[in-house]
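Q: Take this structure, written in structure tokens, and hold onto it; I'll ask about it next.
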Amino acid sequence: MRDGIKVRLVNYTKKPLETVTWAALISYWDEWETEAFERLGEKDVEMHLPRILGYGHESILEHAVLTFAIEGCSRVCSHQLVRHRIASYTQQSMRYIKINPRDVEETFVIPESVKKNPELYEKWKKLMRETIQLYEETYKAGVHQEDARFILPQAVRTKIVVTMNLRELKHFLGLRACERAQWEIRDVAWKMLGEIAKNEELRPIIRWAKLGPRCVQLGYCPEGELMPPGCWKRTREKWKEVALG
């Protein structure tokens, strides 16, 4: 896992944009026309969805959900992720999955800021090797794995499946794709956006719902004096590259 965090879009609502559009149009119909869903085409979506979202009626986005598989992030990152409570999560269990005593960077996330200091970097790796060794000694001594895991640091890599509706995903990206977000969760956010951008069926919603950091959604940076120098330009350019290709 030396190549960093992997994010993959594994599933999503069938005909997601048609589903969202149909749900929106229900508000205006006198009759419950479920058959109308099958009649909705690309032109209908393009005619209605951008206009309805432009009015701020974003609750309709909740009718489409996306499921992502995230691999290789630390538990520091996953703890931030699960704070977004309008979502579903299933995480790799440290009670049943033993840590494999391989290269420490296959097992733990080490920040780049630490790697820039060679002496400190070696101390980190030494401590992590010792941690793995003691972890193994603990469960080999008969201590249950659910107790042996207590020694593991938050740097340990994990896997997690995340399911969010489009409205919550917009909220998540607004906060976590921001340059002020912690670097690891920010990486996850941009990779999630990249997965949507690669999907022809989903790609239009990026533009219509303004999926991305809050500066993209709002047209200005809401961080005020906390905005990092040059952030506005960097973020907009990155969004165009990732989201629009």
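Each residue, glycine too, has its Cβ placed from N, Cα and C.
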Q: With Arg83, His84, Arg85, Gln91, Asn165, Leu166, Arg167, His171 listed by Swiss-Prot as binding FAD, identify the candidate in Ser27, Ser59 belonging to that site.
A: Ser59
Q: Quick check: of Arg102, Arg149, Arg157, Arg203, which does Swiss-Prot put in the same dUMP site as Gln80, Leu81, Val82, Arg83, Gln91, Gln92, Ser93, Met94, Arg95, Arg176?
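A: My reading of Swiss-Prot gives Arg149 as the candidate in that site.
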Q: Go through His171, Arg176, the listed binding-site residues, and name the one with the sparsest Cβ surroundings, counting other Cβ atoms within 10 Å.
A: His171
Q: Have a look around Leu166 (FAD binding site) and count the other CB atoms within 10 A of its CB, chains all included.
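A: Its Cβ has 26 other Cβ atoms within 10 Å.
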Q: By CA distance, which of the binding-site residues (Ser59, His84, Gln91, Leu166) lies nearest to Arg176 (dUMP binding site)?
A: His84
Q: List only the single closest residue to Ser59 (FAD binding site), chosen from the binding-site residues Gln80, Val82, Ser93, Arg95 by CA-CA distance.
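A: Result: the closest of the binding-site residues to Ser59 (FAD binding site) is Val82.
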Q: Tell me, how many other CB atoms lie within 10 A of the CB of Val82 (dUMP binding site), whichever protein chain they belong to?
A: 12
